Amino acid sequence: MAFTPKIITCLIVLTIYMASPTESTIQCGTVTSTLAQCLTYLTNSGPLPSQCCVGVKSLYQLAQTTPDRKQVCECLKLAGKEIKGLNTDLVAALPTTCGVSIPYPISFSTNCDSISTAV
């Protein structure tokens, strides 16, 4: 069977489509462990530890694709339901406090499906 240019083009497009990331590689355990140093601060139990901002910046670098950002959002919402005593104002301001600019609000009511990588 001879491969025509049309078949080769279709195979290339199919290969690219299959190789493109459509699912997140970030697990909720990674999100919570990365931000664990922030817990005392976010519950009004202490000052902002420098390691908290290291975690925020690390998580920002990890979540570069739309599926990853959506997953981080869902993980944060889930954690927010489980952790009692969180100061929602401190949670919302945490990226800015740590010098990270993200194009969507941090809130437990954020629609994670609306998050993208567009700035």
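Cβ coordinates come from backbone N, Cα and C, glycine included.
Residues annotated as signal peptide in Swiss-Prot: 1-24.
The number of other Cβ atoms within 10 Å of the Cβ belonging to Cys28 (disulfide bond), over all protein chains shown, comes to 14. Under the heading disulfide bond, Swiss-Prot lists Cys28-Cys75 (among others), citing sequence analysis as support.
A sphere of 10 angstroms centred on the C-beta of Cys38 (disulfide bond) encloses 22 other C-beta atoms. For Cys38-Cys52 (among others), the entry in Swiss-Prot reads disulfide bond, with the evidence type sequence analysis.
Per Swiss-Prot, the feature disulfide bond maps to Cys53-Cys98 (among others); the stated evidence is sequence analysis. A C-beta separation below 8 Å, combined with a sequence spacing of at least six in one chain, links Cys53 (disulfide bond) to Thr97, Cys98, Gly99.
In three-state terms derived from DSSP, Cys73 (disulfide bond) belongs to a helical segment. Marked as disulfide bond by Swiss-Prot: Cys73-Cys112 (among others).
Cβ packing within 10 Å was compared across the disulfide-bonded residues Cys73, Cys98, Cys112, and the lowest neighbour count falls to Cys112.
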